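Some features that Swiss-Prot has for this protein:
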- 1-28: region 'Disordered' (REGION)
- THR31: phosphothreonine (MOD_RES)
- 35-194: domain 'N-acetyltransferase' (DOMAIN)
- HIS120: site 'Important for the catalytic mechanism' (SITE)
- HIS122: site 'Important for the catalytic mechanism' (SITE)
- LEU124, MET159: substrate binding site (BINDING)
- LEU124, ALA125, VAL126, GLN132, GLN133, GLY134, ARG135, GLY136, PRO137, TYR168, GLU169, ARG170: acetyl-CoA binding site (BINDING)
- SER205: phosphoserine (MOD_RES)
Amino acid sequence: MSTQSTHPLKPEAPRLPPGIPESPSCQRRHTLPASEFRCLTPEDAVSAFEIEREAFISVLGVCPLYLDEIRHFLTLCPELSLGWFEEGCLVAFIIGSLWDKERLMQESLTLHRSGGHIAHLHVLAVHRAFRQQGRGPILLWRYLHHLGSQPAVRRAALMCEDALVPFYERFSFHAVGPCAITVGSLTFMELHCSLRGHPFLRRNSGC
């Protein structure tokens, strides 16, 4: 379940506007790179959940992942996550896990199948202070490159609302039909993206 051509950028590091508290993952700024992409760790879970909760609760009334589920995936498969940090603060992230069936199912919301070859993208979220800056597309582009560097991952899959399908189609995702997963009264479209046959996706994102 997710939110937002691009090339990897090295943007200037914007600062959080006055009145917006820093994420718990922030560290001393003078020792940190201005802009950094890296895989998340369980220590980033609280920061990720705060961003996700604000992004999704007001729109959908639910979160794709709750705090214990974020910790679960960042413990089992941190290599399937990617965070964008500005001066040590998490500002955007993607969390995924492996799946071993042709299509997503209800249990794929909470399971990581270590022998699977499909990366299930659970959530893409951007901090409210950094939206409308093109960060979602840049992060997704970097994430697909990162997945492409992992030989076991052959395909990416996600579920989203119909209105977001055109956004993901820009990244070579294609709709395969309605998703079997429902959340309350919400229904979703399932999208897949092959990581084979796309050489530009095989570059390492440096995560």
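The backbone N, Cα and C atoms fix where each Cβ goes, and this holds for glycine too.
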By a 10 Å Cβ neighbour count, the lowest-scoring of the binding-site residues LEU124, VAL126, MET159 is VAL126
Quick tally, other C-beta within 10 angstroms, HIS122, ARG135; top of the recorded positions is HIS122
Averaging pLDDT over all residues of the domain 'N-acetyltransferase' (35-194) gives 95
Candidates HIS122, VAL126, GLN133 (recorded positions); nearest Cα to MET159 (substrate binding site) turns out to be HIS122
If you measure between the CA atoms of PRO137 (acetyl-CoA binding site) and LEU124 (substrate binding site) and round to the nearest Å, you get 10
